[in-house]
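What follows is a set of notes on a single structure, which appears directly below.
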Amino acid sequence: MLPPSRRDFVSLTVSESGSYTNSKQWRRQSCWRKWKRLSRLQRSLILFTLMLLLVCGIATSPTLIRHWRGENGYDGKQPFVVNLKNEYRSILPELPSEKKDYHRRGPPALQNHLQTKTNVSSLLGVENHGLDLKNADKGSEGGKPINSWRGAVIEEEHASDTDTKDTEIQDDPASIALAESRLEAVREAFRHAWKGYKNFAWGHDELKPISKSYGEWFGLGLTLIDALDTMWILGLKEEFAEARQWVAKELSFDKNVDVNLFESTIRILGGLLSTYHLTGDSLFLEKAKDIGSRLMPAFSTASKIPYSDVNIGKGTAHSPQWTSDSTVAEVTSIQLEFRDLSRLTGDPKYKLAVMEVMKRVHKLNGKQDGLVPMFINTNNGLFTHQGIYTLGARADSYYEYLLKQWIQGNKTEKELLDDYLQAVEGVKKNLLKKSTPSSLTFVGELSHGHFSPKMDHLVCFLPGTLALGAHYGLPADHMELAKQLIETCYQMYAQMETGLSPEIAYFNTHEGSTQDVDVKIADRHNLLRPETVESLFYLYRFTKDKKYQQWGWEILQNFNKYTRVPTGGYTSINNVCDPASPIPRDKMESFFLGETLKYFYLLFSDDPNLISLDKGPTSDVIVSVVFLCL
């Protein structure tokens, strides 16, 4: 039986409705079947190629770039690449300016109370003179800085301890412009203060800006002499020339007048010596020799501890009428000036006199872990009122001058260094505490074993001194302590309603406290002191951390807001806690021009050669300008 025959064809029946029409729908279906037949790898390669072509097309299309950028150009939010004259150039967002509206955050006690501050310009008649004090730091785009938990404003792009990023910021045109505007603000403040002194107190010791008159202390043009080096550093040539002419023609020390040894040394002798070093003008050295020799009778005591008062016309000296004591700070804070005078004149008598004081204090009993009492008797040379230890008034600059004398002497006088290091350890052991609720490190006082959380504004010399010592090779933990203390000193300003520090603050240390700082009614005054600004200068110079400049700028603005008098000058005030009624005291201390404004200027300058701290320990400029301070 034969098998069935094999067919060589396929029978296909197509209905009428499904006939082939070569339509687009059929082609799409056919392409999809072909796509599905491809392997997964093939499909992935095709998709990747298409995406790459799309991205390249977008990147090279000027029309699309202009559309994305908008008609006004790049919005500054993201980096991108643009084709310009057939060259690819990276366009980066602009570094954020420091001129920003800053807002303090953190615990309520650490806020700056800006929202409760009232402008008292109408009360003092203060004019802004082109300085927008309220919005001086507000940028055009309203960028926000980074705020630390303690309320310290830190700019987003600054570097705390590195030089690379800081160099980038300094090279930025906006940063350069900001620095120059702040320097000019200091120059303008000095000119305004000088205007009041020139108009109402020329040749006298101190300006009374509210009453448009003057106060006399020694009758020696104290403010004018104290301000000489500041004028030179600020580049105020016209004002300096006027002051020099007065010194040449009017200044005479041949007067029957009692002067305080300490105050006349740091303000008059120091002012003349520093100006001589800056200018090389022999006029100032001759005047320094004159006053220096007239102060020497103060050392004519059996104990070699100098009297506090000297009659520079009669050549006699004596203790105050109410006591035979001198303060320890006064007799141990005249050494830099007299040592320098010996070096310049070649006469060792000045240095021998002041170094004898240091030798005797070095050997005295009555210290506690390097901390010294506040008083010393000129008759027997012994400490009095023992058991009370403070870094505030009557003892403060003893510690400061220990370090600076050691540096001045090319770091060879070991006794000075030993006393300084021992004192720092004594501070850590006996006087350092933390406040509540925010753990601010502060320096209190010790009275017969009892600790008091009282801290004078004068203590704010300490952060700068500690930083200076660390810069010259002393332990690194001194710098860490300096950073903690300068934040506390800043908070003594920031937590006050006016943004200005009281003369004395009390820190809360008990659990449950809601505010770190309390101020007693008698301590609410502000005397335009320089200590915090000086320490800010040292900390900024050594760390390059921009927040220190920002803090100083806030303080300067508040001086302008609450202490500036429209007819010229600045006044100390009685109440830093009441922005509506700060109560002017009608007195501008000479150190406001001699130191406070000087340190503001140095703080805001990014020029490390402006009063360099790195030229060497015996640099004339370092010794005579930076180190001669309250």
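Heads up, the Cβ atoms here are built off N, Cα and C, so glycines get one too.
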Record TrEMBL, residue CYS460, disulfide partner from CYS489, CYS577:
CYS489
Between C-alpha atoms, which of these recorded positions comes nearest to GLU531 (active site): GLU263, ASP396, CYS460, CYS489, GLU503?
CYS460
Rounded distance in angstrom between the Cα atoms of GLU263 (active site, proton donor) and CYS489 (disulfide bond):
25
CB neighbours of CYS489 (disulfide bond) within 10 A?
27
